[in-house]
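Engineer: The structure under discussion is supplied below as structure tokens; questions concerning it will follow.
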């Protein structure tokens, strides 16, 4: 399976909030009747209410398999990677014995170029960051990189290509993001100038 191009809000309603996946917010249906289901969020789909009624009203425990599946899908959709890429990252993380596998896995995912461009608020979503990289608007150490899964190193300098079109595009994206959110960049990604 390749990159997901289907309806994103269905995924968000099923899995939960995914900041890197889409900026849209889903409509959440809430059961307004009386009884033990009052105020509970109805699952997505035509038969969401039926699925809610079939569960025991006071039993909110999900199976271990379902919890792990949702976590795996949340990681896949949020970072925009395929199942095969995730398996390869997990195998690579398991080889490092000094640190917990989960921590190493997230380090690998956070060091991807598309994720760093997204975290630097150059793009509203990871998919938009991937498009900026593919269209050669982003440079790493002043070199053209068109591979979204490129693993950045700690001292790499990520910049916008010095083309008029690239600068204008990224500036426009940052302005639109500034109107929607307060921009907060992670301190470990921002290079501070000291006078």
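Counting begins at 1 with the first residue displayed.
The backbone N, Cα and C atoms fix where each Cβ goes, and this holds for glycine too.
Automatic, uncurated: that is what TrEMBL annotation is.
Here's the feature list from TrEMBL:
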{"type": "DOMAIN", "residues": "3-110", "note": "domain 'Small ribosomal subunit protein uS4 N-terminal'"}
{"type": "DOMAIN", "residues": "111-174", "note": "domain 'RNA-binding S4'"}
Engineer: On the 0 to 100 scale, where does the mean pLDDT of the domain 'RNA-binding S4' (111-174) fall?
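Structural biologist: Average per-residue pLDDT within the domain 'RNA-binding S4' (111-174): 87.
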Engineer: In the domain 'RNA-binding S4' (111-174), how many residues does DSSP assign to helix, to strand and to coil?
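Structural biologist: Secondary-structure breakdown of the domain 'RNA-binding S4' (111-174): 27 helix, 10 strand, 27 coil.
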